[in-house]
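Here is the structure we will look at.
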Amino acid sequence: MKKHFAVFGLILVTVIWGGGFVASDMALGSLSPFQIMTIRFGIGTVLMGAISFQHLKGIKKEELFAGFLLGCTLFLGFACQIVALQYTTPSKNAFLTATNVVMVPFIAFIISRKKVHIRGVVGAIMAIVGVGILSLDRTFSLGFGDGLTLVCAVGFALQIFLTGEFVAKYRATILNFIQMGTAFFLSTVILIGLREWKFTATTQGWLSVLYLGVISTTLTYLLQTSCQKYIDETKAAIILSMESVFGTLFSILILHETVTLKMILGCVIILSAVIIANTASGNDKKEPVK
């Protein structure tokens, strides 16, 4: 039963992240990328600090190190993705970022010698195909920005894998607080280095970044760490690829993008990948130790 709730929780995460595509687009109208990152992770740090306040005195060194690693991988993913957008198209950026789905099972095998299940790999490949249909046009060539986006995908793949490893050992609230704090600190360092400390956002920009900080960062990463206690990393990565489906849906509903056959086909393939991955046997995690 907990596994089914965990699957639902991760799907909810993708719905919120899908709305985050639209919120980010609105926020970028009056804020720079690293201003957005600094604010969203700053909000995440404050809120997660409030949630985990009673447990802060009992933080273990192992939890501190685990949260720090999560924060570094999270920052790597977001920072490389943002910088890469200056050198490549949003469609290729979205597609190459989604390749983290395929990377996760192999990272798990290399680091932890976890068995690579065929259905999980098939589901991961199908998810990539679906995202590709959603995101790409007929011309596809690789440049500097695309290489940087692949580094971003490695960052997100490591974050998903490490989350799965750490949530069975440490407290989700503490992990998230340290993760958010690390990402906030690194974002602030870059912000200061770029001399972008003057914030002149519009009302729409502030509301958008508030959504990103409270809902699309604090709530989603708390949900992710809680749900990955019960779901294999490969399955989690495939489910999280549904972010592109909901991103497309919200773009149609809010930004009034035109519905195309490509969109429908891509979404169907991604949903099929999620179903295949979640009917695979032998991947589910045992009940975590309390």
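The chain as shown is numbered from 1 upward.
Cβ coordinates come from backbone N, Cα and C, glycine included.
Look at TrEMBL and you will find 5-135 (among others) tagged as domain 'EamA'. Secondary structure by DSSP for the domain 'EamA' (5-135): 111 helix, 0 strand, 20 coil.
Residues or ranges marked as domain 'EamA' by TrEMBL: 144-278 (among others).
Taken from TrEMBL, the feature transmembrane segment applies to 34-53 (among others). Here the transmembrane segment (34-53) has Cβ contacts under 8 Å with residues 24, 27-28, 75, 78-79, 82, 171, 173-174, 176-177, 180-181, 183-184, 187-188, 190-191, 194, 196, 199, 201, 209-210, 212-214, 216-218, 221-222 of the same chain, all six or more residues outside its ends.
What TrEMBL lists as transmembrane segment is 65-87 (among others). Remote same-chain residues near the transmembrane segment (65-87) are listed as 33-34, 37, 93, 97, 143-146, 148-149, 151-156, 158-159, 162-163, 166, 169-170, 174-183, 185-187, 190, 221 (criterion: CB distance under 8 Å, separation of at least six residues from the stretch ends).
Panel annotation: around the transmembrane segment (93-111), residues 77, 81, 84-85, 117, 120-121, 124-125, 127-128, 131-132, 134-136, 145-146, 149-150, 152-154, 156-158, 160-161, 164, 233-234, 236-238, 240-241, 244, 247 of the same chain, lying at least six beyond its termini, place a Cβ under 8 Å from a Cβ of the stretch. The transmembrane segment annotation in TrEMBL covers 93-111 (among others).
For 118-136 (among others), the entry in TrEMBL reads transmembrane segment.
Residues or ranges marked as transmembrane segment in TrEMBL: 142-162 (among others). Beyond its flanks by at least six residues, the transmembrane segment (142-162) meets 66, 69-70, 73-81, 83-88, 92-93, 96-101, 103-104, 107-108, 111, 228, 233, 236-237, 240 of its own chain at Cβ-Cβ distances under 8 Å.
The annotation transmembrane segment is assigned in TrEMBL to 174-194 (among others).
According to TrEMBL, the transmembrane segment annotation covers 206-224 (among others).
Summarising the annotation, TrEMBL assigns transmembrane segment to 236-255 (among others).
Within the chain carrying the transmembrane segment (261-280), a Cβ under 8 angstroms from the stretch's Cβ atoms is held by residues 7, 117, 119-120, 122-124, 126-127, 129-135, 234-235, 238-239, 241-242, 244-245, 248-249, 252, all 6 or more beyond its ends. For 261-280 (among others), the entry in TrEMBL reads transmembrane segment.
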Q: Using a Cβ cut-off of under 8 Å, list the residues of the same chain at least 6 residues beyond the transmembrane segment (118-136) that approach it.
A: 91-92, 94-95, 98-99, 101-102, 104-105, 232, 234-235, 237-238, 241, 244-245, 248, 262-263, 265-270, 272-274, 276-277, 279-280, 283
Q) In the same chain, which residue numbers or ranges, 6 or more beyond the ends of the transmembrane segment (206-224), come under 8 angstroms Cβ to Cβ? A) 9-10, 12-13, 16-17, 19-20, 23-24, 26-27, 31, 36, 39-44, 47-48, 51, 74, 163, 172-173, 176, 179-180, 236, 240
